[in-house]
Protein chains: 2
Amino acid sequence: MISSPANRRNSLNFSGGPGALPESVLQQVQESIIAVPEVGLSILGISHRSDWFAGVVAELESNIRSLMGLSSNYHVLFLQGGATQQFSMVPMTLLRGKEYAAEYLHTGYWTGKAIPEAQREGPVRMLWSGEDMGFTRLPKDDELDFSVDAPYLHYASNETVEGLQFHRVIGRDDVPRICDMSSDFLAGPGEFDRFSLIYAHAQKNIGPAGVTVVVVKDELLDGAPTDLPGFLDYRAQIKAHSIFNTPPVFAIYVILLVTRWLRDEIGGLDAMDRINTAKADMLYQALDRSCDFYQARAHRSDRSKMNVAFTLSSPELESQFLAAAAHAGMSGLAGHRSVGGIRASLYNGLTISAVETLVSFMEEFRARRR
Amino acid sequence: MISSPANRRNSLNFSGGPGALPESVLQQVQESIIAVPEVGLSILGISHRSDWFAGVVAELESNIRSLMGLSSNYHVLFLQGGATQQFSMVPMTLLRGKEYAAEYLHTGYWTGKAIPEAQREGPVRMLWSGEDMGFTRLPKDDELDFSVDAPYLHYASNETVEGLQFHRVIGRDDVPRICDMSSDFLAGPGEFDRFSLIYAHAQKNIGPAGVTVVVVKDELLDGAPTDLPGFLDYRAQIKAHSIFNTPPVFAIYVILLVTRWLRDEIGGLDAMDRINTAKADMLYQALDRSCDFYQARAHRSDRSKMNVAFTLSSPELESQFLAAAAHAGMSGLAGHRSVGGIRASLYNGLTISAVETLVSFMEEFRARRR
């Protein structure tokens, strides 16, 4: 282990993303910058065509299959372009030239970005929108009237900006479900085999910005267009085992280390969920105890375990809160620029003790200022 | 400086890419994995919306402008998807719906990948192909009949696989020149203001895989389509200062460190070219001295300073050469899978002493085996 100089204290990182990664992973990453032990070359200079890197991709794919419990009719891909590229690739593949509308849920900032990209490619039906209520809750089952004719249903399991998370799978089992899991991917177990396509950029729970994981069911791609540029073509990427062109080698290696950490140090997705639930419960309970001072954004039933968004009574008080938090060694707590307020992101890499530090700080701040 | 354990000897990295990066850069990168000194957070967990990262992008853009001597009517972008994405973005932007053909040169493996992507989008005229002669040379001026009507001319300044490099600018000044400089970007000075668009993925000379630099002249984009998805739209990317969506933060930071190294330790592109020329001269002279044993692929006038491709008398001897080189601590010397043989890539980060080691090894190997 390479320790930091004594005169440097690192901040606790509550950023909405890119987010905190586990310390033990960072130490392995640090070593790999000069030389990956088993290769003798910097991770930044290893060929993506090397046997070693083929092994990295194969092990990573296997780790993700195993953590998620995926059956063999799913492919696991590592692509570039972020969730944004998936906002386009999904409708390019499944909606172009279609008669019936794909169904989209507008539950917050990020699904709001996905919908116009789908509309470029074909008909879209907005099944439900939380915009009028300021994205403070998710739909109830009786508000959702799914159509059997839709080529697919698209929604996000977790809205990063507003801090809303589905705690159930929605939609019909006879219509393909497509889910943006960018901000809660590998954060807990799920009925992943009920989805036809899941995508998640790495920079919340599993790695650095620059790589996106796509899990896609083989039969979803029957009838996909054959005239897309290769880098936008899921089948071309499957055929090339994610090495259609030079992949982001470093970012993929970091994800591999994170999946090993999830398996070996944490003990899998159930264990990860217990930790994430404990972190979120601790923070929401602190908010609820002090609801005269801190107001949680999300309705109780739809609260996110990943992103805890709250407000104080005025923007001025929120600025004071952020400045005092930064002074106390906590960073990344400002809410997304589209909504303001405060947001504490509790991704996999953030420790329970970091949340304890935040809660103590919040109690002290309230005691001083209310 | 964090030194490697004494029992580990790192290989000299002659890989075609991702390639070697300078040691002093790797040491700074290593430190940043735990905490970027001026931020106190891991580079892998710093928000792309932070003031610090806005400063990184601004400084990097300024360094590239200054190194290349670009005037203010050029934009500098940092995108994902590699050169492959540029193979598509260029014709999507400049060829869709056009009457006259864009002109492409087929000088090797990589321009051979670009041409079919352009053909998806509009008419293409192959101006010259070296395929019949096994891509052993580039066209002479009197073999090129440029049309004034072409929307643009596309070529590669350096063919990585075959080791061919243009040592002059070609084309008409009244037709936009588009150049893939992926494998010789920032390796030496050039008349960059004669190009309308230059693209280069990072993983040869300037950084890790996962980011692509695009230098584009403002007026080239007049009349570009307005209906492209944002991540494929140069103007949307310009407007967003390369942060249209989450960019590859880490890879961009590494490029920044490389540009500082180019400026402060090397002394700019003229000085870099002197070093690269010395390395290439040393290796080509060694080949020419031993032409009974080693055969350079490229015609003398078109030899690349970046990728020195050569063959031995049989694939068996080449395998023995590669095994002996690996044993002597030199990696990445196998030729590209499409052509075989040997290839030594001499990117910016590779030292003169590494080339001296290679040349000594080659002389010994020849003395033993001929």
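In case you wondered, yes, glycine gets a Cβ from its N, Cα and C as well.
Sequence-distant contacts of A:R49 (L-glutamate binding site), defined by Cβ-Cβ distance under 8 angstroms and a gap of at least six in the same chain, are A:I243. If you look up TrEMBL, you'll see A:R49 marked as L-glutamate binding site.
Annotation comment: TrEMBL describes A:A83, A:T84, A:W110, A:T160, A:D180, A:Q203, A:N245, A:T246 as pyridoxal 5'-phosphate binding site. Around the Cβ of A:T84 (pyridoxal 5'-phosphate binding site), the same chain contributes A:K113, A:E117, each under 8 angstroms and 6 or more positions distant in sequence.
If you look up TrEMBL, you'll see A:13-358 marked as domain 'Aminotransferase class V'. Within the model, the domain 'Aminotransferase class V' (A:13-358) shows a mean pLDDT value of 97, rounded to a whole number.
The annotation N6-(pyridoxal phosphate)lysine is assigned in TrEMBL to A:K204. Of all the Cβ atoms in the protein chains shown, 30 others lie within 10 Å of the Cβ of A:K204 (N6-(pyridoxal phosphate)lysine).
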Among A:W110, A:T160, A:D180, A:T246, the one of these binding-site residues whose Cβ has the fewest neighbouring Cβ atoms within 10 Å: A:W110
Residue among binding-site residues A:Q203, A:N245 with least C-beta crowding, 10 angstrom cut-off: A:N245
Per DSSP, three-state class assigned to A:Q203 (pyridoxal 5'-phosphate binding site): coil
Which same-chain residues, if any, lie at least 6 apart from A:A83 (pyridoxal 5'-phosphate binding site) yet have Cβ under 8 Å of it: A:W110, A:A114, A:D180, A:S182, A:Y199, A:A200, A:H201, A:T212
Nearest of the binding-site residues (A:T160, A:N245, A:T246) to A:K204 (N6-(pyridoxal phosphate)lysine), judged by Cα-Cα distance: A:T160
List of the recorded positions A:R49, A:W110, A:T160, A:Q203, A:K204, A:T246 facing chain B, defined by a Cβ pair under 8 Å: A:R49, A:Q203, A:T246
Where A:T246 (pyridoxal 5'-phosphate binding site) sits in the secondary structure, as DSSP reduces it to three classes: coil
Maximum Cα-Cα separation in Å among residues A:A83, A:T84, A:W110, A:T160, A:D180, A:Q203, A:N245, A:T246, which the record lists as binding pyridoxal 5'-phosphate: 30
Where A:A83 (pyridoxal 5'-phosphate binding site) falls in three-state DSSP terms: helix
